[in-house]
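Novice: I have a structure I would like to understand better, so I am pasting it below and will then ask my questions one at a time.
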Amino acid sequence: MSADENNLIWIDLEMTGLDPERDRIIEIATLVTDASLNILAEGPTIAVHQSDAQLALMDDWNVRTHTGSGLVDRVKASTMGERDAELATIEFLKTWVPAGKSPICGNSIGQDRRFLFKYMPELEAYFHYRYLDVSTLKELARRWKPEILAGFTKQGTHQAMDDIRESVAELAYYREHFIKL
């Protein structure tokens, strides 16, 4: 398949916390959809190696969540650093979307972009400057039509690929039930 500038790149990161000055990326996953939200391909899901010292900085929520999902063990066992994960992700994306064309897509994606800017700047630059943030629609629905929210439930596994799939499904749900096309 040739790269299509209308395809959308969806991304999710798991981090050791929310502060890019202190915390680090521990998992990255991407997938590509067409403009109609049909999933075309899933990219690599990569546990990003971090030192024991870095992992020790996690707060209780992150320790509990990422240990429970098995991510901490995968991070410790991983041989891929941030740069390797960045390059593998870009290599996957080149097949599906030309550089600079897709907005960065996901849930609360501004937070992920802050970490990409700091730790994976080449990948961050691969995206268009625009955002397709599903959480914007969630916040609007909460204020304008709160009953809509009951129709979509997330599993909340805090595993990157699961979270991306849920983001795509959530946007499709809002397209059907909230946005008048």
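Going from the start of the chain as shown, residues are counted 1 onward.
Keep in mind that glycine also has a Cβ here, set from the backbone N, Cα and C atoms.
Annotation source Swiss-Prot lists domain 'Exonuclease' at 8-171. Marked as active site by Swiss-Prot on the basis of sequence analysis: TYR129.
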Novice: Just jot down the residues in the same chain as the residue listed as 'active site', at least 6 apart in sequence, with C-beta under 8 A of its C-beta; none if empty.
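Specialist: For the residue listed as 'active site', the qualifying residues are PRO103.
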Novice: Would you mind giving the whole-number mean pLDDT across the domain 'Exonuclease' (8-171)?
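Specialist: Across the domain 'Exonuclease' (8-171), the average pLDDT comes out at 97.
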Novice: Give the three-state DSSP assignment (helix, strand or coil) for TYR129 (active site).
Specialist: coil
